[in-house]
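According to TrEMBL, the feature substrate binding site maps to Arg97, Asn151, Arg289. According to TrEMBL, the site 'Increases basicity of active site Tyr' annotation covers Glu113. Per TrEMBL, the feature Mn(2+) binding site maps to Cys173, His204. Look at TrEMBL and you will find Asp174 tagged as active site, proton donor. Marked as domain 'Glycosyl hydrolase family 4 C-terminal' by TrEMBL: 199-422. The active site, proton acceptor annotation in TrEMBL covers Tyr269.
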Amino acid sequence: MSEKDKRYSVVIAGGGSTYTPGFVLSLIANQDRFPLRKLKFYDNDAERQKKIGDACAIIMKERAPQIEFSYTTDPKEAFTDVDFVMGSIRVGKYHMRELDEKIPLRYGVNGQETTGPGGMAYGMRSIPAIIEIIDWMEKYSPNAWMINYTNTIAIVAEACRRLRPNAKVINICDMPVEIMTRMAKICGLNDYHDLDVNYYGLNHFGWWKEVRDKKTGKDLMPLLKKHISENGYWIGGEFDKETETSWAETFKKAKDCYALDPETLPNTYMQYYYFPQYEVKNADPNHTRTDEIREYRQKIVFGECARIVKAGTAKGNIWEANAEHSNYIVDICHAIAYNTHEKFFANIPNNGAIANIDSDSIVEVPCWFGADGVQPMATGMAGRFQKGLIEEQQACEKLVVDAYEQHSYTKMWQAFALNKTVPDASVAKKILDDMIPENKPYWPELN
Ligand code: NAD
Ligand code: G6P
Ligand code: MN
């Protein structure tokens with residue numbers, strides 16, 4: 001068989017993820033450019049995975065019977081004979097995300113999945129689980145690539161840099177492309193593929209300094225600045241008819257973030273660092289994003305899976321129309337499989353990509369994706385404001401990995417105390433002391 005006719009084998013680690021069915025539909029829709037021979041799910045929660053797996057088995061039988069489909073909790077079975085591993089796990093599941101959000105709020109600190117103390121706690125839980133998966137991949141399928149979007153990505157990527165520096169792992173995030181889809185709409189273009197950009201920062205912590213129409217080279221910054229100074233990234237109307245309220249607020253809040261530096265366009269996540277007091281004031285300590293997901297996305301996904309299994313058919317399922325999150329991941333697999341050197345985003349060791357940031361910092365920048373992995377783009381200098389913010393935040397991320405490696409209570413305390421979302425070291429200590437017993441099954445013992 002020639003390379004041209006090659007068919008790929010993919011395993012989704014975190015088969016029970018709420019994003020899995022959407023990803024499956026996206027893979028099926030892209031069979032002309034990324035053809036599969038095998039699709040497997042792997043999860044360590046058999047019961048949760050079965051609910052998604054049984055529905056996906058019906059989808060696969062109806063839409064892509066040529067692809068061999070299975071799901072398992074056995075690592076050997078999962079990671080043998082695969083070309084791509086998708087990392088989509090949530091260690092401690094939504095129960096732990098809820099605590100990441102609610103414990104900081106007890107002390108007037110923002111409670112968020114991937115930022116502040118909650119994000120650092122989550123990153124610490126993900127490290128050993130991702131390292132374990134990398135090791136299985138390398139043992140059973142040494143030529144495979146792992147495309148990892150398991151959060152907290154900045155911390156996971158720093159752990160990969162230190163603990164598995166040669167592993168074929170690419171740590172990615174969909175937020176820049178999600179925002180760029182909005183930018184494209186604002187400019188009357190179709191989606192992120194139509195834009196050429198210069199972007200730099202850390203994961204969930206970055207800025208665009210250039211946005212152009214890819215085809216014509218036209219500078220789109222003036223148009224975008226005008227829209228964002230009035231509406232943030234909010235578009236409204238048909239485009240936003242299914243956007244949840246908390247996401248709507250996030251896209252609108254980008255207006256206030258933009259005001260802080262009118263030269264660049266901010267990642268939406270900057271809201272948590274620029275306006276932590278506002279975030280706390282607007283939060284309900286008893287009802288956070290996790291509760292919303294349980295009441296909405298999780299309910300819809302598992303409800304739809306149960307409906308499909310009961311009906312014995314996936315006709316008219318809810319994912320068919322909209323799988324944009326997952327299309328981006330297919331784009332990336334395609335670029336690696338066919339060595340296209342298209343530009344997407346990855347979290348990688350800086351090595352000069354941001355000229356005035358340490359070379360061993362993990363940064364999020366545009367990269368060319370190909371058969372040899374990712375090649376970062378040189379993005380130039382970080383502004384003084386951005387440089388200060390980046391250095392503080394990336395020190396927090398490094399301290400979490402120090403704490404993991406050294407089993408150090410002090411390092412984790414320093415990470416919390418240094419963070420921009422935390423007012424002082426005594427508050428940092430209270431949050432950490434509440435988190436330690438809850439994270440006992442997942443964290444190393446901190447001494
Ligand atoms: P989810 O809780 O619905 O699913 C995660 C699955 O992982 C669960 O079925 C769980 O049983 C499984 N799991 C947990 N620990 C495991 C382990 N050690 N080994 C194998 N499986 C394990 O989560 P979700 O909301 O669908 O999110 C999945 C992940 O994707 C999260 O890490 C989330 O933060 C991340 N995410 C990242 C991006 C990005 O831009 N990087 C975008 C969306 C989601
Ligand atoms: C974006 C981010 C992800 C994050 C997700 C949370 O997609 O890039 O890293 O996990 O938002 O969204 P949720 O709807 O789960 O709060
Ligand atoms: Mn992300």
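Cβ coordinates come from backbone N, Cα and C, glycine included.
Curation does not apply to TrEMBL; its annotations are automatic.
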Rounded to the nearest angstrom, how far is the Cα of Arg97 (substrate binding site) from the Cα of the residue listed as 'active site, proton acceptor'? 17
Non-local Cβ contacts of His204 (Mn(2+) binding site) (under 8 Å, 6 or more apart, same chain)? Thr114, Thr115, Gly119, Ile153, Ala154, Cys173, Met175, Asn267, Tyr269
Please list, in sequence order, the residues in the chain of Asn151 (substrate binding site) that are at least six apart in sequence and whose C-beta is under 8 Å away from its C-beta. Arg90, Glu113, Thr114, Gly119, Tyr122, Gly123, Ser126
Rounded to a whole angstrom, what is the C-alpha distance between Arg289 (substrate binding site) and Asp174 (active site, proton donor)? 18
Filter the candidate list Arg97, Asp174, Tyr269, Arg289 of recorded positions, keeping only entries whose CB is under 6 Å from an atom of ligand 2. Asp174, Arg289
For the substrate site built from Arg97, Asn151, Arg289, further residues of that chain with CB within 8 A of the site's CB center: Arg90, Tyr94, Asp100, Glu101, Gln112, Glu113, Thr114, Gly118, Tyr122, Thr290, Ile293
Secondary structure at Cys173 (Mn(2+) binding site) (DSSP, helix/strand/coil)? coil
Roughly how many Å lie between the Cα atoms of Asp174 (active site, proton donor) and Arg97 (substrate binding site), rounded to a whole value? 19
Can you see whether DSSP assigns Tyr269 (active site, proton acceptor) to helix, strand or coil? helix
Helix, strand or coil by DSSP: which one applies to Asn151 (substrate binding site)? coil
Do you know which of the recorded positions Arg97, Asp174, His204, Tyr269, Arg289 end up with C-beta under 6 Å from ligand 1? Asp174
Out of Arg97, Glu113, Cys173, Tyr269, Arg289, which recorded positions have CB atoms lying under 6 Å from ligand 3? Cys173
